[in-house]
Each structure stands twice: as structure tokens, then as C-alpha cells.
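Worksheet: one structure, shown below.
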């Protein structure tokens, strides 16, 4: 055996030099560096001067207008989900589009209201409203509470001079929503600043998909009461889905027949038209704006049919025009909502970053994940001063935006301008719009998430572990709560990774004829084995969690446990000694002698370490014990194909005795030849 000599690279790890170098790089300030920083922080300064109106403008205008047509009814509908008045949903969509236009790097994603985040905001809003002493029923302006005093900037003096400057339930709800949105935005900007985008890697595709599907059940449940026209309090906390359905069935005899018929008619129009949109999307230049048509038709029917006065149908109510003066979040409320804002921030940036990277890859350009975190953070921080709630990218609207000719971020600005027109002129016309129509729009838009059940067989075929993660996250998000469901999903997916390294595959290997390749005997036929040599591969890192699994699997695969062999030899030796002393005859002694000298069937074990990424102290100790134990029964253990990290760990852990370093082999074939 000729030892192969590899000279290691010199590693200069001077922490002081590294810190000084980084500090110089960070603290240096030159005009070029300032310019680069400003241009990277405001991507609009990079792409807007290069904008080609003849090539891009038509597609951007078309996609922007179409997304706005879809976004207006959804903004009004999702406001109910977030526990807010309809006007605040329009504010949110307006500001999100403008701010992402300035800070975003993705040309295609549509940033605005997202159903799952609205649900999470709404749950916190309901909890804080109850804590503050407000009922979940419509607010009575004559009732004063401890939280009633409020700054006069919340109500425009020009429009409401006769009203008391007090904070009613809807005013307090937007205070909660805006404060939580501000904190979520701060978290997201902090994640971008400290470059902790790696947090999103713990949210796998299967986990996010399961979470969104589970939250969709909660969204559907929260909107069911509007379909029936029931006036029941919104359940929150653990098990809210079950408690809400119990309340619905207990009050089902109070169903408003007018709302129920309206809901059924809307379903009959929306679902077939949505299916047609999807079926013929390749032929249609733009999807049919069925939601807007339904809202206009339902508003006219409700107004001229006097459905509110005749049948006591619940309507959207007055939606004011214009903007309210900006107002800072409620700083005193931050301790109450700071923890609730964390999962909202993580889900918001994870979905935004994943969608932006997906569409950038599809269209051949690059996005900066860190800048996307800044963008979505500022899409929450700045609008929180203008009575808005949390936003993120949304898949459905992004797909529409892409398919209708979007070329740049200018499309988002067009969408905001259309929403501005609605805010300034059209919004009050939706006074008579029934809430059940908004609930139908919300539920119909959940079809995509609920259809994931159809993909389960395919997912199961591809990866059973991912399917189980999806099911666990979905069930926890639906049956327990959205926040706990997300935490359960993350913990369960991490446990799955640990379990897979705890009990990994560990096959014996055979030699492929006329080659130097060794493969698993359990996976392939016609492999050969060398007499007296066992080749074993452990397909995971060797560390404290799986060290016992490593030893037990090795003993099982080789069929020899050194401790048992030594114990059997000692026992046989004692019996021999006893039989000699008693002088009881030759047969028993011969049997014992045969047992003691019975060959093991092999003299060398080669451990293929190519799949062992790292060793910890427990792993090094385990390898030492295995070598020592097998050595005591005259079986040598050789290591092959160790990566540099494992080699370094073995040398630092004094695995080899002096002069034995050459027994670390660079290939299994080399180790077998040596044996």
C-alpha cells in the first residue's frame, strides 16, 4: 500500500484581521459607494431611466388595470376578514402598490392584501377589542369605555364636525391592525438589515402549502356566518374553527333567507365563470372580471330592492371618500401585539421572497432577497401611519398580472392609480353592497388552496415525509390556530430531518465487476464481495443522536457484536477450565474448543464514510470504540472516502495512533486492496 500525500492548505484565521477588514469595508465612505448604496436601496432609480415606453407601457397598463379590477372587490371583502371597515382595505392596496414600486426588485409579483395574513390580523384585532371592553357586536356610539379617548386626527374635522372625538369599535380595530402592521414591518426590515433571510429556509414548500390550506379552512369558517346572515360573535383562540361551527349550527334557525339566496346566486355565477377563466386562460387576453360584475349587480339589486330595509340584510355601510390625516401607531399597544406580529412578518416575507424568486427564475432576471425583505417591510411600516393593515405578495393576483402582459414594476403603480380613483370617487356607491357577497368572493378565492388535496397522491408518491409534514401543518393550522399551526409545522419538519439522520440507511456494499465502484447489495444484483472483507456505508452524519444506531446497525449487518463474541469466549474458556478440573471427558471439551476457535467469516471491516458530512465528539468516540472492540477479536476497521472536515475531526480527536495516519484511505477500492 502506497500512502497518498496531500498537503493541507494553510488557514489564516485571525479574528482581529477579519474584524478590521470587515470594519474598513463597512465604514468606508466614497461617492461611488454612496451612489451604489442609494441605487441598491431604491431599485426604481436603476430600472426607471431604462424604461422603454413603446415596448413596456401597453402591457403594464393592461395588467395594472386588470389587477386593480380584481383587487378592489377583494380589498373590500378581505377587510371583513381582518376585522376592519372596507375603506381600510382600499387604503392598504393603494399604498402597498406605490411603495413596492419604489423598493421592490421583482417585476411581476403583486403586493397587496393576502387572505391568510388578513385572518391572522383579524384574530388579534378581535382579541384586543374584547380586552378593551368593546363587544364584538356593532359599536354603540353612546357607550364610553376606558379606551374611548382618541386623538382628533382619527376623524377628519371637515367631515365630522358634529361627532364626538371618541374612538369607537371600528376606530380601535384599525389602531390594533395598524400597530401590528408597523411592528411586523419593523421585524421584516430588521431581518433584511441583519441578513437573517435564512429563517425562510425552515419554511419548506410543503409546510407553507399546508399552512395556507389549513388557514383557508379557518377563513371559510369565519365567512360562513355572512353567507347565512347570522349575527354571532367571531371565535378566536385555540379551537376557534370547531367552536365557530358549533355556534353556526346552534343559530342556523335564525338564517336570513335573503342573504342565503344572494349567496347561492353569487356562487352560481362566480364558480363557473372562474372555472371558464382558468380553462380558457391561454385564449383570453384578460380574465373576465366577474367579481366586479357581481359586486356592481349585487349593489344595484340591494339598493333598488331595499334589501336592508325589507329583509334586514347586512350591508357594507358608508364608505367615505378621500384620505384620513396620517397618525402614528399606538405605542402603548406594542407590548400586546409584538409577539403576534412575528409569525405575520415571517409568513409575509417568506411568501414574498419565494414568489419573487420563482417568477424571476421563470423570466430570466434576478431579484435580491434582502431587498425584497426591505420592500415588504416598508410596505407595512409606511402604510401603518395611514390606517392600513399587513400586506404581502399574493399568488393568484401575481399569476393574473404575469399572464396579462406585465413587464415592469410600473404595473403596480397603475393598479394604485385605479384604486385611487375608487377611493376619491366610487367608494360611497358600495353602501348597499351585502356582506354575504363579500364573503362569497373571499370563499371562492380559496379554491386554489383547497385544491391541494387533489395533489396529495402525487405528493405521497414523490415524498411521504413531505406529505406528512403537509398534513400535520394543515391540521394544526385549521384545528388549533394559525400561529400555533405554523409553529407545529416548523417543529415537526425539523424533527423529521432529525429522525431521518437518527435512523439512516446503512447498507453493506458489493463490488461492481471490472470497476473500482462499490454499491449497495440491497439495491443492486450481481455485485461481488471480497472474501474476508465487509464493506459498510453509513448514510448520515455521525453525531450524538445516531451514535447508538450506527453501532447497532454495524453489528446487525456484519452479524458480529464484539462484546458478545468476547463474552462467549470468556464463558467457553471458563467451561473448559471447569471441565478440565473435573476431568469429565473429551466430547464436551472438544465442543468448547471448537466454539472458541470458530472463525468469524471476515478479518476486515471497511467503513465507507462518503456520506458522513461531519463528526462531533460523540461520533469520534464511537469510531474509536468500534475500532477498539473489533480489534480485540482480531478484526481490523479501516475508514475510506472521508471528506476534509471528517479527516480534520479524526486527527484533532487523536483517532489514529502515531504512524497510523496512512490507514485513512481515499477510496473504498484502495482500502479493500490494502485489506
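Note that Cβ sites are derived from N, Cα and C of the backbone, with glycine treated the same way.
Just so you know, TrEMBL annotations are computer predictions that nobody has curated.
Residues or ranges marked as transmembrane segment by TrEMBL: 56-81 (among others).
Residues 41-44, 71-72, 75-79, 109, 111-113, 174, 177, 319-320, 323, 371, 374-376, 378-379, 382-383, 386-389, 391, 409-410, 412-413, 415-416, 419-420, 422-423, 427 of the same chain lie 6 or more positions beyond the ends of the transmembrane segment (87-103) yet place their CB under 8 Å from a CB of it. Residues or ranges marked as transmembrane segment in TrEMBL: 87-103 (among others).
Sequence annotations record features per position, and here TrEMBL assigns transmembrane segment to 172-194 (among others).
Same-chain neighbours of the transmembrane segment (333-353): 109, 111, 114, 116-117, 120-121, 124, 128, 131, 175-176, 179-181, 183-185, 187-188, 191, 197, 199-200, 203, 208, 211, 369, 372-373, 375-377, 380, 390-393, 395, 482-483, 486-487, counting only residues six or more beyond its ends whose CB sits under 8 Å from a CB of the stretch. Residues or ranges marked as transmembrane segment in TrEMBL: 333-353 (among others).
With a threshold of 8 Å between CB atoms, the same-chain residues lying at least 6 positions outside the transmembrane segment (374-396) that come near it are 41, 82, 84, 88, 91-93, 95-96, 99-100, 103-106, 109-115, 117-118, 120-121, 174, 177-182, 184-192, 323-324, 326-329, 344, 347-349, 351-352, 355-356, 445, 448. Feature annotation from TrEMBL assigns transmembrane segment to 374-396 (among others).
Through the fold, the transmembrane segment (416-446) approaches residues 64-65, 68-69, 71-78, 80-81, 86-87, 90-91, 93-95, 97-98, 101, 115, 216, 219-220, 223-224, 226-227, 229, 259-260, 262-263, 266-267, 270-271, 274, 291, 294-295, 298-299, 302-303, 307-308, 313-323, 396 of its own chain, all at least 6 residues removed from its boundaries and within a Cβ separation under 8 Å. Among the features that TrEMBL reports, transmembrane segment is placed at 416-446 (among others).
Feature annotation from TrEMBL assigns transmembrane segment to 467-495 (among others).
Annotated domain 'STAS' per TrEMBL: 523-675, in sequence order.
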Surrounding residues of the transmembrane segment (172-194) on its own chain - C-beta under 8 Å, 6+ positions past either end: 82-85, 88, 121, 124-125, 128-129, 132, 134, 147, 150, 329-330, 333-334, 337-338, 340-342, 344-346, 348-349, 370-371, 373-374, 376-385, 387-390
Mean predicted confidence [pLDDT] for the domain 'STAS' (523-675): 83
